[in-house]
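I have placed the structure first, in the form of structure tokens, so that the comments after it can refer back to it.
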Amino acid sequence: MEISDDVTNPEQLWKMKPKGNLEDDSYSTKDSGETSMLKRPGLSHLQHAVHVDAFDCPSELQHTQEFFPNWRLPVKVAAIISSLTFLYTLLREIIYPLVTSREQYFYKIPILVINKVLPMVAITLLALVYLPGELAAVVQLRNGTKYKKFPPWLDRWMLARKQFGLLSFFFAVLHAVYSLSYPMRRSYRYKLLNWAYKQVQQNKEDAWVEHDVWRMEIYVSLGIVGLAILALLAVTSIPSVSDSLTWREFHYIQSKLGIVSLLLGTVHALVFAWNKWVDVSQFVWYMPPTFMIAVFLPTLVLICKIALCLPCLRKKILKIRCGWEDVSKINRTEMASRL
């Protein structure tokens, strides 16, 4: 069956997506004899009672089915980013003090080092969710039409955006859990006693630092709101939930609220850094701290998003996505392909 070329609206394609129940469909078919009886909901258990394993998946299909095909690229990217960030943080937090001052901080690896890796991976994966959409808009502007296929690598990337987003939410939740575990660490309690002893030695009655208090209150609040929006995005990506939404509702949540969560995560990292941007001691072996590297890609994505929202570009993108074609660019592309 061929789909007509007139069906190009995403909302129409959303309505065409099958949402029915398999049992209701099988019950409504006009089969005769025992087959129709077994397909009724009340007697469906009789059909599954005999040779369940043989009917569920034939032996020849067990060898041809792929194992998590849509998750391969996102998991590989997440593993690479996690490994590189871990080695980078290990070099800064553990190896550097060991080499320069013979101080051993290996106890930081299970919690502190890992908790610097998690936010870096989470915000980078979230940026990778929205970067291909902006690249696709640039490609459409360059081609002057929406009917020309995207490059294979971009097409594969766009199909994996859901998995990138779910992995980002997973790492963000781990980051929140690890952060909440800070006061439970024995090393933190020892450090707290040392800070109190130093305060007594310095004869300080109040150790309140106004700007540090504001810094922590703001970035914790931003982190909570950003994680809540990420949770909403993760819930709406569940098929049963997305099927209950209209195209406009689903598109609004995934696109608009997704960018808001990326913005909140970026500001969360910037406020966490506070005045460390100009602190020379933060640069170990001329290497910047991880939060400086973490905000680079999200900031680039947000800048590109703002640029594409300019009226001169936004109107043209909307016209192209509605079916308009730039004849001059199409003819130029055809002439270049012939040459």
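Backbone N, Cα and C define each Cβ position, glycine as well.
The FAD binding site annotation in Swiss-Prot covers Gln140, Arg161, Ser237, Gln254 and rests on similarity to another entry. Counting every protein chain shown, 18 other Cβ atoms lie within 10 Å of the Cβ of Ser237 (FAD binding site).
Feature annotation from Swiss-Prot assigns heme b binding site to His175, His268. Under 8 Å, Cβ to Cβ, and six or more positions away along its own chain, His268 (heme b binding site) finds Tyr219, Leu222, Gly223, Gly226.
Look at Swiss-Prot and you will find 1-11 tagged as compositional bias 'Polar residues'.
Sequence annotations record features per position, and here Swiss-Prot assigns domain 'Ferric oxidoreductase' to 118-265. Residue counts for the domain 'Ferric oxidoreductase' (118-265) under DSSP, split into helix (H, G, I), strand (E, B) and coil, are 123 helix, 0 strand, 25 coil.
Positions annotated as phosphoserine by Swiss-Prot: Ser28.
Feature annotation from Swiss-Prot assigns region 'Disordered' to 1-34.
Feature annotation from Swiss-Prot assigns transmembrane segment to 79-99 (among others); the stated evidence is sequence analysis.
Marked as transmembrane segment by Swiss-Prot on the basis of sequence analysis: 109-129 (among others).
Annotation source Swiss-Prot lists transmembrane segment at 164-184 (among others), citing sequence analysis.
With a cut-off of 8 Å between Cβ atoms, the residues of this chain six or more beyond the transmembrane segment (218-238) that come close are 126, 162, 165-166, 168-169, 172-173, 176, 245, 250, 253-254, 257-258, 260-261, 264-265, 267-268, 271-272. Sequence annotations record features per position, and here Swiss-Prot assigns transmembrane segment to 218-238 (among others) based on sequence analysis.
For the transmembrane segment (258-278), the residues of the chain that approach it from at least six positions outside its boundaries are 119, 122-123, 126-127, 129-130, 165, 172, 211, 215, 218-219, 222-223, 225-226, 229-230, 233, 289, 291-292, 294-295, 298-299, 301-302, 305, judged by C-beta separation under 8 angstroms. Per Swiss-Prot, the feature transmembrane segment maps to 258-278 (among others); the stated evidence is sequence analysis.
Per Swiss-Prot, transmembrane segment is recorded for 283-303 (among others), and the stated evidence type is sequence analysis.
Simply put, out of 79-99, 109-129, 164-184, 109-129 has the most Cβ pairs sitting under 8 Å from the transmembrane segment (283-303). In this structure, the C-alpha atom of Gln254 (FAD binding site) lies 22 angstrom from that of His175 (heme b binding site). Counting residues 6+ beyond its ends, the transmembrane segment (109-129) has Cβ neighbours under 8 Å at 74, 77-78, 81-82, 85-86, 89-90, 93-94, 157, 161, 164-165, 167-169, 171-172, 174-175, 178-179, 181-182, 185, 230, 258, 261-262, 265-266, 269, 290, 293-295, 297-298, 300-301 in the same chain.
Largest CA to CA distance in the FAD binding set (Gln140, Arg161, Ser237, Gln254): 26 Å, whole number. His175 (heme b binding site) is surrounded by 22 other CB atoms, counting those within 10 A of its CB over all protein chains shown.
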